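J.: Take a look at this one; I'll ask things after.
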Amino acid sequence: MERVGIDVVGPFPHSERGNRYILTAMDYFTKWPEAYCLPNQEAETIVDAIVGGMFSRFGAPEVIHTDQGRNFESCVFAAMCDKLGSHKTRTTPLHPQSDGLVERFNRTLAQQLAIVTAKHQRDWDDHVPLVLMAYRSAVQDSTSCSPALLMLGREIRTPAEMMVGKPPDAPAGPPGLDYARKLQDRLESAHEFARNPLRSAGARQKRNYDVHVRGRHFEVEELVWVYSPQRKKGRCPKLDSEWVGPCRVLERLGEVVYRVQLPPRGRKVALHRDRLAPYQGIAVPPGQELGTRGTLDSAVTTPQTLSNNPSVSAGPSQTELGVLGPALSSPSPAHGPSAPSTPSPQSRRRPQRNRRPPGHLRDFVCPLGGEGLCGGRVV
């Protein structure tokens, strides 16, 4: 295995075995998935599960890719990577697309567990192995092969094959060195067959993604806004700004990743450009302390929406304030008697509705002479 992505799914309801989380891992080339049910998501628990499971059977990968969770950024996980000789990489904050393969598998796993789990939802960890079996035997669109064929060199037996049985004329695998050589040749052929569809699928997915991307590039020392939807206790998130800034771009790490200095302590983080928006306001010279939260005024404008090309909305203009009426835009005298207000002849009033009684009250019969006691028709 060359590159493996790892993530944690949960929390789920407490199972009968005391589990609440699922540790998922997937090989980027073969798409072979692994899932381990855990009672917690501490770093020690994750290391024991992944080393005793996937790495002990298939070996340590060259690269381990995770998000920026505390359990994956801990000293325990770093020590594991150092002892195994694996290079640790991570995604940018609040950008799960950087590990889209594992995130997509997590959604598929949760959907399949929702189908087979009982109503009390306490047996979800009993169905994880069978869901993995179905996923490993399914043909992937990117590779045109199943993960089992690329990882094991053969297809695994499904419940349908167990019920029907093996064909009588199926050749039995020869034992010994001949079988090992044939298995190696079969694996090499399967891997070579999967590389071309992988390249085509990657180019197609990039082309489809680039259709909706209109992101811009930022220069070093440029001031930007940073999207940071943090919720604080005692504050309404609808009234609080989700943008931090202005922040300074320190360097460009890649095509879409920048290192940005966050206020007020000057913390340096690597962020995807989808979380950045251009700052349009008073210029802040280098070395001067930057702000902490975006404010909407006439000098500084804060982005309102987050997209691939974040647009900066202008502050409220005098025309926009004028639509509130003259009572809010023009001053009124503070002293002096007020003149009696007379209705303007040009003022429009709301049209009155012509009220009519219901039809069953307009026409009724009274058996008395004259006009009747009720004022209705006389028969």
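Keep in mind that glycine also has a Cβ here, set from the backbone N, Cα and C atoms.
Automatic, uncurated: that is what TrEMBL annotation is.
OK, TrEMBL features for this one:
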- 298-320: compositional bias 'Polar residues' (COMPBIAS)
- 321-346: compositional bias 'Low complexity' (COMPBIAS)
- 347-359: compositional bias 'Basic residues' (COMPBIAS)
- 1-167: domain 'Integrase catalytic' (DOMAIN)
- 282-364: region 'Disordered' (REGION)
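Show me how these features fit into the shown structure, please.
T.: Long-range contacts of the compositional bias 'Basic residues' (347-359) within its own chain (CB-CB distance under 8 A, at least 6 residues past either end) are absent; none are counted.
On the 0 to 100 pLDDT scale, the model's mean across the domain 'Integrase catalytic' (1-167) is 87.
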J.: Summarise the compositional bias 'Basic residues' (347-359) as counts of helix, strand and coil residues per DSSP.
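T.: Summed by class, the stretch gives 1 helix, 0 strand, 12 coil.
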